[in-house]
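Below is one structure; the comments refer to it alone.
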Amino acid sequence: MKLPKEGDFITIQSYKHDGRLHRTWRDTMVLKTTENAVIGVNDHTLVTEADGRRWVTREPAIVYFHKKYWFNIIAMIRDNGISYYCNLASPYVLDQEALKYIDYDLDVKVFADGEKKLLDVDEYEIHKKEMHYSPDIDYILKEHVKILVDWINNGKGPFSQSYVNIWYKRYLELRNR
């Protein structure tokens with residue numbers, strides 16, 4: 001499949017392990033694609049939940065997806081600084097319809113002051129039993145929490161202020177042309 005180009009808009013679909021559609025983001029603007037990664041931006045993007053509820057993202061957010069890592073990263077650009085929401089999730093696939101991944105419940109939130117919080121551990125444990133996550137998936141996800149925390153602690157990739165600044169500036173250039 002042909003990769004989307006800078007300035008193209010794509011749909012992002014999050015699924016659960018059992019194949020159910022979990023959440024959809026419409027019209028994420030692509031900022032960069034490589035063989036292994038997609039960087040995009042959501043800004044007042046329509047989000048549809050599995051139960052049909054809809055909402056719109058409040059602030060611009062740089063989104064990062066990778067084919068080798070079991071997480072994706074959302075850098076939310078707010079008045080008080082950058083906050084991050086990181087989903088533990090399968091590496092993405094991209095087809096004609098959307099960028100797709102499986103959401104594995106665990107999330108890491110990083111506040112603008114640097115505080116980190118692991119979220120939804122109870123939900124993960126429940127879904128692990130209900131949806132029969134394999135021991136391999138459980139191991140991979142726990143290892144990727146460690147990798148993610150290392151990225152956070154070392155300001156790697158999306159956790160670098162300059163990374164967010166560069167991609168937000170590029171978004172503004174594309175939006176205003």
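These residue numbers are counts, starting from 1, taken along the chain as shown.
Every residue, even glycine, has its Cβ placed from backbone N, Cα and C.
Residues or ranges marked as active site, proton donor by Swiss-Prot: Arg23. The Mg(2+) 1 binding site feature in Swiss-Prot is assigned to Asn87, Asp103, Asp107. Under the heading Mg(2+) 2 binding site, Swiss-Prot lists Asp105, Asp107, Asp120, Glu123.
Ranked by Cα separation from Asp103 (Mg(2+) 1 binding site), the recorded positions Arg23, Asp120, Glu123 are led by Arg23.
The Cβ of Asp107 (Mg(2+) 1 binding site) has 20 other Cβ atoms within 10 Å, all protein chains considered. Across the fold, the C-alpha of Glu123 (Mg(2+) 2 binding site) and the C-alpha of Asp107 (Mg(2+) 1 binding site) stand 10 Å from each other. For Asp105 (Mg(2+) 2 binding site) paired with Arg23 (active site, proton donor), the C-alpha to C-alpha distance reads 12 Å.
Fewest other C-beta atoms within 10 angstroms, among the binding-site residues Asp103, Glu123, are seen around Glu123. Those same-chain residues not listed among Asp105, Asp107, Asp120, Glu123 yet with C-beta within 8 angstroms of the centroid of the Mg(2+) 2 site C-beta atoms are Leu88, Tyr104, Leu106, Leu119, Val121, Asp122, Tyr124, His127. Note: Asp120 (Mg(2+) 2 binding site) has non-local neighbours Asp105, Leu106, Asp107, i.e. same-chain residues 6+ apart with C-beta under 8 A of its own C-beta. Listed in chain order, the extra residues whose Cβ falls within 8 Å of the Cβ center of the Mg(2+) 1 site residues Asn87, Asp103, Asp107 are Ser14, Phe71, Asn72, Tyr85, Cys86, Leu88, Ala89, Tyr104, Asp105, Leu106, Asp120.
Neighbour list (the residue listed as 'active site, proton donor', Cβ cut-off 8 Å, at least 6 residues apart, same chain): Gln13, Ser14, Val47, Thr48, Glu49, Ala50, Asp103. Close to Asn87 (Mg(2+) 1 binding site) in the fold, though at least 6 residues off in sequence, lie Ser14, Phe71, Asn72, Ile74, Tyr101, Asp103, Tyr104, Leu106, Asp107, each with a CB less than 8 Å from its CB. Over all protein chains present, the Cβ of Asp105 (Mg(2+) 2 binding site) has 23 other Cβ atoms lying within 10 Å. DSSP gives Asp120 (Mg(2+) 2 binding site) a coil state; it is part of no helix or strand.
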